[in-house]
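Here is what Swiss-Prot says about this protein:
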- His63, His92: heme b binding site (BINDING)
- 2-147: domain 'Globin' (DOMAIN)
Amino acid sequence: VEWTDAERSAIIALWGKLNPDELGPEALARCLIVYPWTQRFFASYGNLSSPAAIMGNPKVAAHGRTVEGGLMRAIKDMDNIKATYAPLSVMHSEKLHVDPDNFRLLADCITVCAAMKFGPSGFSPNVQEAWQKFLSVVVNALKRQYH
């Protein structure tokens, strides 16, 4: 993947404004609420019976922060995302048996949450374009083991 200077700047600037203690948990909770079939991969997390239960679930929040940590690693090494995510791809494919389409669903929820936080001025079409390109590269890296 080739990144323009403008794309790199937009992604890094947006990331610098995000609070990983908020975005990750919020995006994962949104994914579990909006796409309830994704909950089957989180059965060990306890009460996921309602949106309020999901939003208040500490295990969901903790895993959301883990997701954000993974994104941080990708941002720090944007030219090597496939290698960065290779072990995660193997784990999600071979150990956890996660449906690879769920990565895209979560990426969409991350985008929605970022857009809601920053609004049209902070999440302009140019920023969105760069951010979605970045998340698409991450999703494809996570799906790599499935092919």
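Placed from the backbone N, Cα and C atoms, the Cβ positions cover glycine too.
In the domain 'Globin' (2-147), the DSSP tally of helix, strand and coil residues is 124 helix, 0 strand, 22 coil.
The Cβ of His63 (heme b binding site) lies under 8 Å from the Cβ of Gly24, Leu28, Phe42, Tyr45, each of which sits 6+ residues away along the same chain. If you take the C-beta of His92 (heme b binding site) and look for same-chain residues 6 or more apart in sequence within under 8 angstroms, you find Val98, Pro100, Phe103, Leu142, Gln145.
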